[in-house]
């Protein structure tokens, strides 16, 4: 804010007050990923913004991805990355690397950034305290040669089955900031890699969060002329999926939004994590940013 006059700084803070009051003591789940996580200056800005939320009596819960970092590490080790239905096929050798990168390197880096900014973050995965239990994910696709539907074996890729809030509520109650890697465990102890958007949606739904923010590399949901759609109801979102306006990788993100809303989240926003202070712009300004999806 160095280029802003003191008077404008005061006005901005004053205008943010009703928004801060709206979110007082509420839980906000933020899915953090994409290029915003890979660029150091954006990563540090994000950490400061998370600390600011906590300092204004908001309970932030961070869920992070790590696809590019996983791909880089697998490549270094000579393990080929394969995808099906938008999900990384994760075999026995890959799941160890995925866990190392997500729960080790990335998670602890985010925790360090938040703590350096004055927060008290705790890094965990869904395995800790059996927080998130998962079942094996299944997908089908049509074989182009035979035109027969086939089941795809995704390996150790899971979908959330149950979220136990005991540990999360303890952390939030002690004013700690949970930073969660999207790993889960099955009832027989098997580790599963879970899509970060899906993981965040499950956690937000279980917490009945005030907001779920999905930080991406795009401005939000776009119409057919590539213009941002500021707001969508669930009904509108389903219609845009059906007519092809929402397509490709945006479909599972919007489906996660719908799931979270139906599970009790008040509002979900898809926004561009590359925008400086995107989280603050969404929560503390009248205009907001990205696409708000609501019931």
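Cβ atoms here come from the backbone N, Cα and C positions, even for glycine.
Fair warning: this is a prediction, and the values are worked out from it, not measured in the lab.
For the substrate site, Swiss-Prot lists 66, 67, 88; matching the candidates 169, 193 against that entry yields 193.
According to its DSSP assignment, residue 193 (substrate binding site) is in a strand. Classification of residue 67 (substrate binding site) by DSSP places it within a helix. Of all the recorded positions listed here (31, 88, 253), it is 88 whose C-beta has the fewest other C-beta atoms within 10 angstroms. Cβ contacts within 10 Å of residue 66 (substrate binding site), excluding its own Cβ and spanning all protein chains shown: 25.
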